[in-house]
Amino acid sequence: MASDWPELQSSLQVASKSWASFNWDSKTKQWEAITVQSKEAREQSLSARKQLAETTKQFKKSVKNVEQVGSTLGVANTAENAATTVKAIEVLAKNCRQTVKAYQEEVDNLTRRCKSAESSFSSLTQSLGENPDPYKVLTSVLNLVNNQQMQLSKMSHTIEDLKTEKVALERGSSKNDTSNQESSSTTKAEKEELIQLRREVAEYEVEFRSLKNQDITIRKLEARILELQTGGEEEFQLKLETAREELAETEGRRTAEALEREAAMERKVQTLELQLKAEMAGRAATQAHMLEESEGVGEREAAWEAQRRILVDDAERLRLNLHEATRERDDLRLKVGALEGGKSIQSVPSSGGIQMADLLSEREAYEAEVSELSHTVNLLREEIAVKDETFSDERRSLQSKISLIESEVQSTKTTLSSLQAQLAEAPSQTLIDSMKRELRILKHLEYNADDPDLVNRDPEMTGTGETHEKDLESVLVAKLRRVESELVKERNQKADISKDYEQLRGEIQALEHAKGDAEKVIASLEADLDKAISNSSVAQSTPTARRKSLPDVESNNTTTLQSVLDPNAPSTGVQKETKLEASAAEKAADDHSVATIIMAQRDRLRARCDALEAERDSFKRELQAQVDSAESLKTDNTKLYEKMRYLQSYKGNSGSIGAYARTTSRDLDLEALEQRYEASVDPFRQFSRAERQRKLNEMSPMERTVFVVAKTMLGSKEMRTFLFFYVFAMHFLVFLTTYHWSHSEGGTGCSIQDIEHLAHLPPMTLKTPDEVIKDMSGK
């Protein structure tokens, strides 16, 4: 049960947050406002319906008046009857417009009501859908309460047992006190046991009181749930009634609109037919007049045509009115004939050239259309009824769910607040032990905490006397210090390795230099040996010359060989010279043996060189291994820095750890680690670096040199300032030189003689005009 409590607490927190954001009070206010608006709209619709009933009554009265006037006009076709029929028709049209306008207004009001109801219902369903299902949380809370009640009963039994034991112990202690007053007093162990038992009884009494308070709160919550359920059902019934009324209004509006559209279309067709007939008659008349009349009487023809059109329009209008009147008269006569029953329908004369059979067929067609429309209206009403039923069922189910959820939310809120207070006051010992065990496991497994007091113990074991355990912050700080110490050690090792690497590199360079010198000496020795071998054949024919020249060569070769083989050996040049002078004949005979010795020495030197090269290769491999280890240490350092960043941001402990990191930042190169970590984490920086390298590789050598020079010149502040002053100084120097050469005296002497060849002009002289004239006259 203690292990399930964190999950229950988290679920309760999530549910409380979601239902707190739901804001039940504001939602209830909104629903009340919507219900008030719906009631007001319902009352307005009732009053509007009454007005519609009155307007329809007036419309029916006007229709009856028109029928009566039509019957009188059919009986007596006079001007007064025609005027009365016209007035009745105008009144009918006015009433028709009023009724249509009233129906349209009512339909618009109904549509607004329907839209508002739909929007409120959608918002309600959306807000309820966003909140979690509180059934699971409530069931878990109820289970917890039941468990607590069971614990309460057990604790009450234990308290009673302890009370009885206490009474028995007190009686026994009193008896012991009275009996042992003279002999001895009570021991300290018995006193401590009594004190401990009294403490346990007091704790049990406190827990019993808290459990009684929980029982009272549970009863209050159950009463509140019942109240919320009743209120939710009433609100759901009100909303259901409003939705039904709105649906009925929308269907009536749609049927009225369909009838109005049909009537308007019939009127438009009639007017278009009349206009078409008038236009055809006017065109025929104009064509006839154009053929009959001449060109000079155009104005009179236009005036007469205008008058004729007016008359034709009036005649058509009168003809239409007459046609309608005759049709109404024929209808009335048919009605009268049907009432009389003795007369035949064919005996009634038809006025205006219209037969009664046509009228009857038109009337049957109208009746058929009316029957079809009524059938469609009935079908639409049935569909509306079915939709109303489904919609009501859905709303009923949703309202029941809403009421249940609201009651559950209220109960969860109250139980959550009470349980949180109780848990804050008195946490259970099992929960504390489990948390200690989990914390110890985290220390040992996640953070590799080495507790010296718990090395030989099982990390799963818990005890009540473990007061020496470290908290999480101290463990993290210790881990951080250990990591930093390891980092310092690794850096020191890296520095030592780099020093060794530089030393070995210097030694390798010295060995390579010595190897080059040895190779040069070996090359010179081989050349001298070849010369000696070639001269040996010549020496056999000319031994005297060989005796003079050979000692010098041999002395040089032996001294150089001795210096190469053993550089620390003493110089024995003089002794060897005397020996060579004394044994020239022997040396001449042993040339081949000397050559073999030198070649063997060369082989030994080559073997030594091979050994040195192998040692150099081993040093190179060791250097590469050290470089690899340095790279791995760099990666480890970045990972450790990443862990350090994670530990700094762990559960609000970043303040203490960050302060410690700031104090140790002088000893550690954390800035370099941070830069390396950000470079490894940031993909944009890697991508930009790769793109920069790619573009640099794509450049030509000239562009690359320009780029490198510009980067070096503009990369630092000192180079930029130097470039600025350099450019300024060069421009100033050029300006001074040009100014000097343009305004100096030395440049005036060559101005005339040097520019004579630049222009196609006569040669210029330094003489005055008078002198030029005298010269010309003298010539």
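Each residue, glycine too, has its Cβ placed from N, Cα and C.
The feature coiled coil, as given by TrEMBL for the ranges 595-629, 700-734, sits at 595-629.
Checking TrEMBL for coiled coil across the ranges 86-120, 191-225 points to 86-120. Residue counts for the domain 'Cux N-terminal' (93-143) under DSSP, split into helix (H, G, I), strand (E, B) and coil, are 47 helix, 0 strand, 4 coil.
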